[in-house]
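Here is what Swiss-Prot records for this protein:
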type    : residues     : note
BINDING : 8, 9, 40, 95 : divalent metal cation binding site
């Protein structure tokens, strides 16, 4: 298959390089369009007031196009202008750090995959549950196997598959599980610090409290040592509330008509 590969950690990130190598070793054709610089947690940001510039990277058996922009910029520019042809699948990752529950709202990794899905391409986001991945070659090979096993043609339009890999050696991984995303949210705090010049600044920290994580959700299963796969569809409509509001509005209208 022809795979378009991107990420949000940057084109030189170990996770992307591991995924590139695993895809190539599996016999796939791969073209990379990824940010030149770190773009973690930029969400679905798109550059609209600045030009996008491209830098070619070719080193140690790797070749790719680096974009001075966001992950979504990379996908939009790649699919519209840079790639040799339309890819069979767009893969985003491997991200350093899990993307579970509320993470998907912030994640450049998931947003890149989402943009591809919105443009009509099968897409897979891949993340690893450690912010400082070491040797993840086996995890990358596992991700490729999952990609190859998916029934892409039968998935609904604009569906994104979100794969998270546990922070354990792959031989200790308990397997792949399908699960929903957690509804638990981050508890944030900011450290107030002073730089070497005496200037004040703030540094974000946070945690998803374990006691708030429902059993069987992505954060729970990932912590237990499973790889998790969650299909995502970015329709934010709260249909239950929509129905209740509609009923309330209908009652109000009926009451007005009875006067």
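Glycine is treated like the rest: Cβ placed from N, Cα and C.
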Return the residue, from the listed binding-site residues 40, 95, with the maximum count of other C-beta atoms within 10 angstroms of its C-beta.
95
Cβ atoms within 10 Å, counted per site: which of 8, 9 has the most, among these binding-site residues?
8
Divalent metal cation site, defined by 8, 9, 40, 95: further same-chain residues with Cβ within 8 Å of the Cβ centre:
7, 10, 13, 15, 38, 39, 41, 71, 96, 97, 107, 108, 109
